[in-house]
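**Q** Quick one: the structure is below, and I'll ask about it shortly.
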Amino acid sequence: MEGQDEVSAREQHFHSQVRESTICFLLFAILYIVSYFIIIRYKRKSDEQEDEDAVVNRISLFLSTFTLAVSAGAVLLLPFSIISNEILLAFPHNYYIQWLNGSLIHGLWNLASLFSNLCLFVLMPFAFFFLESEGFAGLKKGIRARILETLVMLLLLALLILGMVWVASALIDSDAASMESLYDLWEFYLPYLYSCISLMGCLLLLLCTPVGLSRMFTVMGQLLVKPAILEDLDEQIYMITLEEEALQRRLHGLSSSVEYNVMELEQELENVKILKTKLERRKKASAWERNLVYPAVMVLLLIETSISVLLVACNILCLLVDETAMPKGTRGPGIGSASLSTFGFVGAALEIILIFYLMVSSVVGFYSLRFFGNFTPKKDDTTMTKIIGNCVSILVLSSALPVMSRTLGITRFDLLGDFGRFNWLGNFYIVLSYNLLFAIMTTLCLIRKFTSAVREELFKALGLHKLHLSDTSRDSETTKPSANGHQKAL
């Protein structure tokens, strides 16, 4: 009987492993397909050139798609775990959800951590160096020569990073950075390096998310139809039509030899056509879309932002009085044992919405920063080098999202796998400072956003607008140059 029980246990374990592997593969396949279509939408079509370059581009495209799929998996990791916990609580003995268990969720967290490290330290550097390589001088040109150069560059990069990490660990803890620890690469240096990358990602989120939370109002205002209050859309369309006709007459009147003026006028005409299309869309929009959807979305964004700041403020108070509020505190109950939200399923749904909202805001804020403005992908006009840079940036942001959500107290779900082993998560001063900075920066960005119009009028009244003390050009409506060269805002 004991032998049969042992065989039965081994068979059950084998079937569980096969089932979990199949589920993980199917989930990743879906994410990979979606990521592939996203990259193809932005990839420049002219990148497909010679046979050798075409092979290099295809390999780089495969690696970039893999990285973007891993990023999407890291974003979905925490929401999937939260909703799985609530489903297991609601249906603990349901036959159709036996595949959903703690082992599967732990496996997903471990795979996300493993693939994030693999993409960040191996695949993306390989894709970049492989794309830029030409082969060493004296060797026969071809794929093998480019692969050899790429591997040499990767080896040199690995030695450089290993040396920097060893020096950094020596400055922090001289005992940990002994010569014997050089042999402990997997257990010490790689987790330490990923912990540093995670901290950098959280700091980048700290910079991008408050900016994105304020920019979300502008972005949604550009996507939705605004109410036409005290505006005559027919007159504006008539004016923009006259401007379009004037530009077309000027364009046809110029000789083809004046290439610079022709290109400038074509770009100006394209901008005018885009503005005309937006005005016609506003005119054709229904009264419900104009007068209800836009205010409702703005109020919803304001509520979500306010709830986020309120949760961070409550988390700051919890950190001051309760040490279990630390992200690296005591482990709570297992998955499916107890609800981690005070309001049950409704609270879990709110946490998931806020996590996605913070991720979207961080991406919007990332591309809104002037330093990363050139990284913004354009449809059918993004080079593979820029795609690789965008994939790395999204990977860093998405990998740090679960850590940031737990650090800010957006959710109480414990970080699983390597995500919960970062050393800095146990530092009270770092965690408290992170929460304080997030709350202060978000509040200041929102105040700056909603008082920009008042500041502009005040600067104009005082005659200070010529000094460019207020930078609201990114949030205001874009002014279009008219046919006579003067600026005209519609």
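Heads up, the Cβ atoms here are built off N, Cα and C, so glycines get one too.
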**Q** When the topology given in Swiss-Prot is taken at face value, are ASP51 and ILE274 found on one and the same side of the membrane?
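**A** Taking the topological domain names from Swiss-Prot at face value, ASP51 sits on the side where ILE274 is.
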**Q** Check each of the ranges 256-287, 320-351 against Swiss-Prot and return the one annotated as coiled coil.
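**A** In Swiss-Prot, the coiled coil feature sits at 256-287.
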**Q** Please indicate, using numbers and ranges, the residues of the same chain that are 6 or more beyond the topological domain 'Cytoplasmic' (361-383) and have a C-beta under 8 Å from a C-beta there.
**A** 41-45, 47, 204-205, 207-213, 215-216, 219, 389-390, 393-394, 397, 401, 474
**Q** Within this structure, do the transmembrane segment (427-447) and the transmembrane segment (340-360) have 3 or more Cβ pairs under 8 angstroms, counting pairs 6 or more apart in sequence?
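**A** Contact absent: fewer than 3 Cβ pairs fall under 8 Å.
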**Q** For the transmembrane segment (63-83), could you work out the same-chain residues 6 or more beyond its ends whose Cβ comes under 8 Å from its Cβ atoms?
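**A** For the transmembrane segment (63-83), the far contacts come to 27-28, 31-32, 34-36, 38-39, 105, 108-109, 111-112, 115-116, 119, 123-124, 126-127, 335, 340-341, 348-349, 351-352, 355-356, 359, 384, 387-388, 391-392, 394-395, 397-399, 401-402, 405, 411, 413, 416.
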**Q** Among the recorded stretches 20-40, 292-312, 384-404, 427-447, which has the greatest number of Cβ pairs closer than 8 Å to the transmembrane segment (111-131)?
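**A** Answer, by Cβ pair count: 384-404.
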